[in-house]
Amino acid sequence: MPDDKRAKPEKSKYPVNLLDTPFPMRGDLPKREPQWVKQWQDKQLYKKIRAARKGAKKFVLHDGPPYANGDIHIGHAVNKVLKDMIIKARGLTGLDAVYVPGWDCHGMPIEIQIEKKFGKGLPVQEVQAKARAYATEQIKRQMMDFERLGVLGDWDHPYLTMNYSNEADELRALGKIMEKGYVFRGLKPVNWCFDCGSALAEAEVEYKDKVDLSIDVGFPFAQADKLAHAFKVPFEQLDGKPGWIVIWTTTPWTIPSNQALNVHPEVEYALVETPRGYLILATERVEEQLKVYGLEGKVVATTTGAALSEIRFHHPLAKMDAGYDRLSPVYLGDYVTTDTGSGIVHSAPAYGVEDFQSCKAHGMADSDIISPVMGNGVYAGTLPLFGGLSIWDANPKIVEVLQASGNLFNSHKYTHSYMHCWRHKTPIIYRATSQWFAGMDVDPADENGKTGPTLRETALAGIDATEFFPAWGKQRLHNMIANRPDWTLSRQRQWGVPMAFFLHKETGALHPRTPQLLEEVARRVEQHGIEAWQTLDPAELLGDEASQYEKNRDTLDVWFDSGTTHWSVIRGSHRDDLYDPSADEADGRLADLYLEGSDQHRGWFHSSLLTASMLYGKPPYKALLTHGFTVDGEGRKMSKSIGNTVSPQDISNKMGAEIIRLWVASTDYSGELSISDEILKRVVEGYRRIRNTLRFLLSNLSDYDHARHALPASEWLEIDRYAVALTAQLQKEVLSHYEAYEFHPVVSKLQTFCSEDLGGFYLDVLKDRLYTTAPDSKARRAAQNALYHITQAMLHWMAPFLSFTAEEAWQIFAHGTEHTDTIFTSTYYAIPEVDDGADDLLQKWHTLREVRAEVTKQLEAVRVEGEIGSSLQAELTIQAGGPVLDALQSLGDDLRFVLLTSSAKVTHAPEAGDLLVTVTPSTHAKCERCWHYRADVGHNPDHPTLCGRCDSNLFGAGEHRSHA
């Protein structure tokens, strides 16, 4: 370190060692941080760090790509800062910690933006060109904001799912999983958004309250003879009598598509006689439902659900239009409950997963499934009574017609949690459409034709082999995989990677050379992007067969885009940076860590697991880390309508990005992360304490050169050895926390270290020695030795989260050393061993600090009484026994420096466990220089205002200390 000039106290002929530092008290973060960002960019800091770690073991944190649309929000900031802290913390261990940021670029939100800006109906190629340009601009904006947060990474070479190479490799991945037999086409109910005009992934569905019409509808008896047999009543009792099996639903719009009824095989059902006619209800629901219907009634017979199997009932709209003149059979279903409603469920197989499965299990052909709702949410014009109406507008009309038919038993408004599109915030439905799926329970075939475990089995085994932070994530993801349906891979969009299949015009069958054709298309996409599929003439690949085939128009689910980045990025576009062959050979898992918000258990974590399970038979990650969502100070979700959103850009501009980083680091990310003005004020205060501690350390090291002034630990004072031993103990804890991706304990312990261990004790004691002993005395240099080691360690602890501040301090602290340029090419500091008996030393000084705390209380009480001003005006007598007495006596006259008094005497206590403190105001004169009250003030007539110690330190051989 350079020798800085020592500041000269004004008008003092007896100077003390008050030094200065270019490290300012005020961080001025909003102004200085952008300068650091530019400096890091100019000197290509990330590249320098990678070069410094060349040949080291890699640590790969694979970036879950944010969507390239709109400005970043506080949730993005949390995510990127967490990743950055982990990369830096791992890098400081000496690992080659690699971070390639990425962006998710295809999909509906960008299509919506293009429609808003340019209108609907553009040719596909034009939509794709404009979408690509739009995404590029959004990425530039987001990248600037991420870099402003102090996030280091390969910003010059990010991965983009719209890069031609990534699009091409995605097609290759599709080809691989098709070869293994995972992909099939089928009719199934999928999440469908009318506004998107497309199927949705599970991760694109959110739930919120919706008010619907709840109705109880009767399906008239059609087979009285079979019912009489089932309930064991005379046929005459039912023949010709009005009767209904009653269902309850909150989706009246599905009634026109009803094709079956479901009962639970083991539930008891009752035949209930009412003035209106006979009703069939679950026995345990009879009393409640009759109240709802306003009917009196009595149970005349009961039977099990199993006995009702295959009995048929008239459609409730049959009397209103011949188009509904059909019978609905009863099918058994274990999923039927009696918690609410009638205990009977109506089944519209086109609009419910369980309905579909039940009807298919009973032999219903795809062609027999009634599906009148079109992709825009409007009934086909051919549907009797309701054709041309949107399903939501049709609900009251359907209720009206049911009322007229005499088959409506109740109707009222009902609020329930319902599926909505996460983009449009509008209600969605299940809708049976022909889609491409990845089968969860398909037995895949390897290259030798041998079948293996299903995708579900492989994925579940992979979860068991993955480490989760926090641990509860394992069960959450396990449950999702265990219960999920087949994955709908296809979408009906324009801005997406095409499912580049050739389908036979008559049969719809895939071309027999589909895997090879996908590779041919991928080569073209690699050169020209997905636009190549639009311009491709099938004859180029199919020759004379071209007239028999047509190009598939579906695109891949965007979760397949991001979910295959382990293939297209780690093994593909960024292979040189991210791929570690040794890790791949060891267990096939390509990334050390995936880190995202808790919603990604059903999103990116989920899709990545499924694609890797299909491609390699293993997860792509060794560990998953999940963080919570940001909420305001009252625990409410961020919402523009509430007005409680917090902009990371605003915080950076007003307080500094360092405050965001410290807030993230100091918060337990495993739960919700609360943020508010009040919370940020507390973070700022915590930052100031750390910064002030750093300023003190750097100031008092500004005339210290470790190469010239280093001393062996045996020549330090005892309190210095204690402080460094305490630092070493804390470093073990800090590094253990970092290893487990725990940041808030590090921040908490660092703040305690600064405020209590350093500011509240060690530095408080040290000031006298630093300021009053001779500048080059062994006592002062010993203190600086300790401060040097403490500062080295502390700056490295801070660097992952207080990156700007650590770098600023480091360039002052490490000036002229090997790693002056940046702290991030160095490693965690190897704190020297200070004492063979470090544990005993720590225990002894722990005891002394407890005594000091008691002494401080007593001094404060006397000060409040007005008997003393500062603690230096006091003289102490301490009575103690046992180990406490031994510890106190071992310090000799140095005890007074530890207790910050002018005198401290120790005697035996009357009882061994007693600690008695007597405070007496000093009667001696005050030394002008050190402010101690001593009997020897003025002993040298040449310096009548100095104590003997200061006289010796300034003009003589200097004082001797051995403990403090």
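Note that Cβ sites are derived from N, Cα and C of the backbone, with glycine treated the same way.
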Original post:
Swiss-Prot lists motif ''HIGH' region' for one of the ranges 66-76, 231-241, 528-538; which is that range?
Top reply: 66-76
Subject >> 287-291, 637-641, 832-836 - the one Swiss-Prot records as motif ''KMSKS' region' >> reply: 637-641
Subject >> Lys640 (ATP binding site) versus binding-site residues Glu596, Cys927, Cys947, Cys950 - nearest by Cα >> reply: Glu596
**OP:** Based on Cβ atoms within 10 Å, give me the single least packed residue among the binding-site residues Cys927, Cys930, Cys947, Cys950.
**Re:** Cys930
Original post:
Rounded to an integer, what is the Cα-Cα distance in Å between Cys930 (Zn(2+) binding site) and Glu596 (L-isoleucyl-5'-AMP binding site)?
Top reply: 56
**OP:** State the Cα to Cα distance, in Å, between Cys927 (Zn(2+) binding site) and Glu596 (L-isoleucyl-5'-AMP binding site), rounded to an integer.
**Re:** 61
Original post:
Over the motif ''KMSKS' region' (637-641), what is the model's average pLDDT?
Top reply: 79
**OP:** Check Glu596 (L-isoleucyl-5'-AMP binding site) against DSSP and tell me helix, strand or coil, would you?
**Re:** strand
Original post:
Can you count helix, strand and coil residues in the motif ''KMSKS' region' (637-641) using DSSP?
Top reply: 0 helix, 1 strand, 4 coil
Original post:
How does the motif ''HIGH' region' (66-76) divide up by DSSP, counting helix, then strand, then coil residues?
Top reply: 3 helix, 1 strand, 7 coil
